[in-house]
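Participant: Structure in structure tokens, see below.
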Number of protein chains: 2
Amino acid sequence: MTRENLRINAERLLRRLDELGQIGALEGGGNCRLAFSDEDKAGRDIVLGWMRAAGLDIRIDRFGNVTATRPGREDGPPVMAGSHTDTVATGGKYDGNLGVLAGLEAIETLNDAGIETRRPVAVTLFSNEEGARFSPDMMGSLVYQGGLPLEEAYGIEGIDGSTVGENLERIGYIGDAPVGGNEVHAFVELHIEQGPILEDEGRTIGAVEGVQGISWTEYTFTGRSAHAGTTPMSRRCDAGYVAAEVAAYVRRLAAETGNGHVSTVGVFEVEPDLVNVVPQKAKITADLRNFDNELLKQAEQKLEAFVDDIAGREGAAVARRTLARFDPTPFDTGMVDRIHGIAERLGYSTRRIASGAGHDAQIMARICPTAMIFVPSVDGISHNIQEYTKPEDCEAGANVMLHTLLELAE
Amino acid sequence: MTRENLRINAERLLRRLDELGQIGALEGGGNCRLAFSDEDKAGRDIVLGWMRAAGLDIRIDRFGNVTATRPGREDGPPVMAGSHTDTVATGGKYDGNLGVLAGLEAIETLNDAGIETRRPVAVTLFSNEEGARFSPDMMGSLVYQGGLPLEEAYGIEGIDGSTVGENLERIGYIGDAPVGGNEVHAFVELHIEQGPILEDEGRTIGAVEGVQGISWTEYTFTGRSAHAGTTPMSRRCDAGYVAAEVAAYVRRLAAETGNGHVSTVGVFEVEPDLVNVVPQKAKITADLRNFDNELLKQAEQKLEAFVDDIAGREGAAVARRTLARFDPTPFDTGMVDRIHGIAERLGYSTRRIASGAGHDAQIMARICPTAMIFVPSVDGISHNIQEYTKPEDCEAGANVMLHTLLELAE
């Protein structure tokens, strides 16, 4: 078997996905393995067992990030795959898990074929990517990269009032290796798309060019509650009406902005929420995303202008709160080109794609050349027990991962 | 003193308003005397005491409606004033109470002046006008008029699960007089406007031409929840967006319809109500009111067409539920002219006006010539502990009531 013909062991990869998916399994499918829970520990333990059985060097850092390394002919920074095995409360069995297990599978494929690489090849399981129990998300990669001090991360309180530090200690995943200052030659993360684009277009592989910039703003409008029957329209100051006009504008803004811009009003609440009372208060959120930071900024400015105008005309007060703001993260173009080329060479239908969701890879992009491989999500569903990616697509993604690591390791 | 110069005793009227307002008094002002509660009973008791002290014939019917009558020179149907003394949970001390106490005050003024009338003059306190504890509103007048069978009304369950019948019995207000089949010569109700029109125009008296028609519809839109970052706009089926467009249209509809049309979206709820999830469900209510039934029907039809169009374009399902639908109730034009003329004669600034809220008078209009007298609500506020009507306006309304009853009783 030549290097070019090398393929991963799909049966082993899929079996492990199933086994991992049985830990914290939910009625009807999917998983609940919230970060640093007993289920998270059990998931980590089984993966760690496979890493050990593959003869890899295991390194666990002070924040529970697990790196398993296969040595190269030379020392020096490894080529690294990685993702996470924690889930949201109603998670699927592909999100995160696929990236970790495909990295491990690629390494075991090299073992099975007896292939030596110049550089070490590693796979990392990052702590708490989801942020569902302890905010922010991508916490493990952030600490690994050095963007969040360890002691600060330990002190973060979760939704149940306990801290990251006490839970990490409880599950026994505070390792000896220091955090920060890690040197990595290149990083690649395989992940499900979590959207419908690849499936819609009948493509198997997405070469991910980067992560969209995200802008989250909460608007609270204050008007004047009034009797819906006895208050003439000219006398109204209707907070719900202002919010509705803004929500309708947020949709128009997507078309106006272009470049794959998405924008969403996910929260809409009014007070007192009674059929015959003009709403005194309304709260909505605007979630704007674009891969181009200038376009994202333009969209933000246009929305602000619209909000000021419509609230001003109604005489309603506006309170704003920025909930999140991340610039877009473009990935390394050489890495993206490489993934695209490998996928084509292996015979998979491929396109370049932007990620609408956040991933550990966007943190790793701060310290080394980074890109991602996407595979299709059936119906675009994720963070849901119905999350599903076809076995042949998992296999395809892992094969692209294998050859990407192989090339980068030479 | 001639009949023309006759005026009510303002000091007595205002003192009684205050005394009644002390029963079920709320911190900061206002009252809570929910129908058939202990507070409602205490309020009825004090009014009944004043009626008895005035030497009137007391008649309590099987539904707790209390009629106090001053005999005329002839027998036959009385000229009647009336309203209610129950309140919403955060009621004011004028809504309802003013109409009952002004009717009583007018009768006592006749007593004090020793004036005989041809027809009997009566004042009625109707049970459960607000409908805040037991739905529907205007229940007492409806039973009095014969529009709601007594046994059916007894069986109605309230927000606390108990029934009207057991509560009426508990407070001791099931009287001997039958319900339905009542003959009344004419009915007039004094009430606060509950809106800002009289105050805005600096008028003291509104001659109420009728009650607006009311159309309440609840719309539930069902779309598809989706990831706000990874789902392209073209793939969305956003129930919240559809609801926002409908809410914005409901506002435009008011201007398009005219004739004082008011329309309100008071309820707006989305699911799952998360910043980064496209809403799967949205529920809103539309409250449309117009004094012209044809215009109200046109507005309903235009809204239906808009809802179908926008939901269809988004691919969202629509479920509709009619929560209420009342045709407009025009009052007797002779009665309206009479009230308008008397108010002018007494020197009060006057206008014709439509009622945006429902009142016992609209039920009484089914059995006799009926109209209403409005006095200004400061800032248009009602159903609120800040509800306020100036003493001189209460006095003016009661004087118009006095002369209206006097004329009708001859």
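Numbering starts at 1 and runs along the chain as displayed.
Quick reminder: no glycine exception, Cβ is built from N, Cα and C everywhere.
Because TrEMBL annotations are produced automatically, they should be read as predictions rather than curated entries.
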Participant: Looking at TrEMBL, which one out of A:Asp95, A:Asp176, A:Asp337 binds Zn(2+) 2 in the same site as A:Glu130, A:His383?
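Facilitator: Zn(2+) 2 site check in TrEMBL: besides A:Glu130, A:His383, the record includes A:Asp95 out of A:Asp95, A:Asp176, A:Asp337.
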Participant: Name the one residue among A:His84, A:His227 that TrEMBL lists for the same Zn(2+) 1 site as A:Asp95, A:His191.
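Facilitator: So, going by the record in TrEMBL, that would be A:His84.
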Participant: Please spell out the DSSP helix, strand and coil residue counts for the domain 'Peptidase M20 dimerisation' (A:211-311).
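Facilitator: Grouping H, G, I as helix and E, B as strand yields 41 helix, 34 strand, 26 coil.
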Participant: Under 8 Å Cβ-Cβ to chain B, which of the binding-site residues A:His84, A:Asp95, A:Glu130, A:His191, A:His383?
Facilitator: A:His383
Participant: Reported as an integer number of Å, what is the Cα distance between A:Asp95 (Zn(2+) 1 binding site) and A:His383 (Zn(2+) 2 binding site)?
Facilitator: 8
Participant: How many whole Å apart are the CA atoms of A:His84 (Zn(2+) 1 binding site) and A:Glu130 (Zn(2+) 2 binding site)?
Facilitator: 9
Participant: List, in sequence order, the residues of the same chain other than A:His84, A:Asp95, A:His191 whose Cβ lies within 8 Å of the centroid of the Cβ atoms of the recorded Zn(2+) 1 site.
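Facilitator: Surrounding the site, in chain order, are A:Ser83, A:Tyr94, A:Gly96, A:Asn97, A:Leu98, A:Gly99, A:Glu129, A:Glu189, A:Ile192, A:His359, A:Asp360.
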Participant: Can you tell which of the binding-site residues (A:Asp95, A:Glu130) has the fewest other C-beta atoms within 10 angstroms of its C-beta?
Facilitator: A:Glu130
Participant: Judged by the number of other CB atoms within 10 angstroms, which among A:His84, A:His191, A:His383 is the least packed of the binding-site residues?
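Facilitator: Per-residue Cβ counts within 10 Å for the binding-site residues A:His84, A:His191, A:His383 bottom out at A:His383.
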Participant: Any idea what the Cα distance is from A:His191 (Zn(2+) 1 binding site) over to A:Glu130 (Zn(2+) 2 binding site), rounded to a whole Å?
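Facilitator: Taking the Cα atoms only, A:His191 (Zn(2+) 1 binding site) lies 13 Å from A:Glu130 (Zn(2+) 2 binding site).
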